[in-house]
Amino acid sequence: MDRDEEMGHGDRSLLFIGDEDDDLEADRDGGSTPSSDPGSFSDRSDSGVDDDEVDDDGDGRGAPREDDGQKGTWPQSFRQSIDMMSAVPSPAMSTIIAASPNLSKLGNSIKEAGSSFFLKKATSSTLGPEGSLPLTRPLLPPSLSQLSATSHPPLRESTDSLPPRPPGQRAESVVPPSSVCLKSSYIDLPPPSIKCGQRQAILNGLNVLCGVGILTTSYGIKQGGWLSLILLPLLGGCSCYTGLLLKKCIDSSPSIDTYPDIGQAAFGIYGRIFVSVVLYLELYASAVEYITLLGDSLSSVFPSAYLAFIGIYLNAHNLFAIAMALAILPSVWLKNLSLLSYLSAGGVIATTTVIVCLFWVGIGEGVGFHPGGTALNLTHFPVALGLYGYCYSGHSVFPNIYSSMEERSKFTFVLLFCFILVTVVYAGVAVSGFLMFGESTMSQFTLNMPQQYIPSKIAIWMTIINPYTKYALTLTPVALSIEEALPRRMQTYQVGMCVRTALVASTVVVSLSFPYFALVMALLGSVFTMLVALVLPCACYLSIKKGSTPSWEVVLCITIILLGILCAFVGSYTSISQMISR
């Protein structure tokens with residue numbers, strides 16, 4: 001008899017979903033599921049219980065230690081929170097209702113109240129002595145066969161649902177840790193994204209790759225020279241290849257769904273924690289960049305704005321950075337996180353609009369294109385390396401996109417198409433922007449666009465709207481990961497609001513302390529992107545596929561790892577040196 005059966009739950013799926021008795025009771029009560037322990041997240045388990053995580057109670061039966069209840073499974077919210085960032089289409093109203101237990105409970109309450117009202121007006125012979133039973137509750141509890149014959153499809157379709165196992169049959173499949181919905185008494189996460197087709201996967205991939213990094217590509221030519229453009233196809237090719245390595249890692253086991261799952265499969269629990277921390281630090285740093293971008297853009301529109309109060313002076317940049325953080329704060333407090341997914345389509349639209357406006361100013365408004373610049377600037381070449389590397393920082397989402405595809409065999413084409421398209425776009429924008437503004441090119445080419453032209457105004461406001469809508473989507477996964485790690489008694493909505501407020505305040509402090517948009521982005525590209533996009537995928541792949549990888553692929557992966565480490569050290573050193581010298 002295995003350990004699961006000894007513990008009284010032979011079916012491992014019961015640990016993830018809840019037992020059948022709860023489901024039957026939920027059906028009898030009108031479809032509402034029993035609430036979990038107030039202020040706590042639902043327990044989850046890995047594919048098995050390790051021996052070192054089990055205490056012997058003296059009678060030969062092992063029991064998981066309470067303090068290790070979440071060990072090995074953190075972060076639980078990664079899959080759903082990252083899906084909100086990558087999914088392009090806005091959810092339908094049915095999805096919103098399905099994703100919000102509060103709305104469902106409200107609808108059930110209204111239905112039961114209406115049923116009770118009409119029942120009170122019926123005859124006592126029909127009602128019985130109580131006279132308050134809702135219409136949806138039968139006089140006798142239905143049998144299991146009746147439930148299976150008359151049950152309706154659940155309102156919320158989740159990847160966590162598992163078919164019932166026949167009696168006596170042992171569980172063969174392993175439930176991926178990240179495929180389980182995070183349940184909380186105060187946070188309503190949307191369900192994991194439904195399966196998508198090839199076109200939808202391409203849109204999701206472009207939404208991830210086409211970010212604010214495109215604004216600094218022209219500045220990259222100014223820093224590294226024209227030959228620095230060679231880095232775009234080089235980094236793009238390496239990043240595309242490592243994206244395919246992540247796909248192979250996911251295919252190696254049914255228990256792998258996300259990037260943290262890959263880290264755990266390769267290096268155990270410490271690998272999962274390390275990968276998760278790196279990904280969350282990258283998201284946090286991106287949120288800092290959004291605050292800097294908002295301050296720069298708004299100060300260019302209102303350069304004479306300032307605030308002087310009781311001896312405190314705030315210039316235009318600092319004033320707008322603080323003001324926009326306060327304006328964004330309510331969206332970070334949202335209890336129903338499915339509402340944030342409405343903002344997920346803003347990235348592609350805003351980026352496309354800014355690109356069109358750039359060419360509009362260059363061709364239609366008479367700014368023109370003027371050849372110039374140097375061929376190679378070795379002194380600042382590492383800055384260009386970090387800026388271009390940041391453009392390909394989408395690997396944290398690629399496993400989610402792959403796992404959500406209906407036809408996973410088409411993921412290779414999706415990845416190749418996305419990388420080729422964004423590389424061409426990045427190169428075209430970089431060349432056009434530098435030819436238009438030359439050596440006066442600023443960290444964001446939108447700051448160089450003449451403000452008297454309508455397309456310039458549109459571009460600058462699109463640059464403002466994009467980080468404003470993306471900020472909450474970027475910071476929410478970080479906040480959820482922190483809230484998961486808190487003790488159960490502290491996992492309340494009030495504590496969650498304090499955590500999110502502290503995170504927003506910290507991003508403002510860091511942004512005002514280092515108000516160098518391009519240099520901070522170069523530092524992020526040198527450290528996090530090289531680590532997440534080049535080093536970790538190759539290292540995880542070699543660990544998971546140990547012994548079955550051809551020699552040429554081993555050599556290629558080791559070469560990419562060494563290249564990523566070298567670029568990380570050189571790029572970060574140069575970026576930090578320039579920030580200190582300012």
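Heads up, the Cβ atoms here are built off N, Cα and C, so glycines get one too.
Features as listed in TrEMBL:
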COMPBIAS  1-12  compositional bias 'Basic and acidic residues'
COMPBIAS  31-42  compositional bias 'Low complexity'
COMPBIAS  48-58  compositional bias 'Acidic residues'
COMPBIAS  59-70  compositional bias 'Basic and acidic residues'
COMPBIAS  132-148  compositional bias 'Low complexity'
DOMAIN    199-576  domain 'Amino acid transporter transmembrane'
REGION    1-86  region 'Disordered'
REGION    126-175  region 'Disordered'
TRANSMEM  227-246  transmembrane segment
TRANSMEM  267-285  transmembrane segment
TRANSMEM  305-327  transmembrane segment
TRANSMEM  339-363  transmembrane segment
TRANSMEM  375-392  transmembrane segment
TRANSMEM  413-438  transmembrane segment
TRANSMEM  458-480  transmembrane segment
TRANSMEM  516-542  transmembrane segment
TRANSMEM  554-576  transmembrane segment
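Only pairs six or more apart in sequence are counted, and the transmembrane segment (458-480) with the transmembrane segment (227-246) gives fewer than three Cβ pairs under 8 Å, not enough to call it a contact. Residues 198, 201-202, 205-206, 209-210, 213-214, 217-218, 220-222, 229, 232-233, 236-237, 239-240, 243-244, 247, 355, 358-359, 361-362, 367-373, 388, 391-392, 398, 401, 405, 445, 448 of the same chain lie 6+ residues outside the transmembrane segment (413-438) yet bring a C-beta within less than 8 angstroms of a C-beta in it. The stretches the transmembrane segment (267-285) and the transmembrane segment (554-576) do not meet in space: the count of Cβ pairs below 8 angstroms, excluding pairs fewer than 6 apart in sequence, stays at fewer than three.
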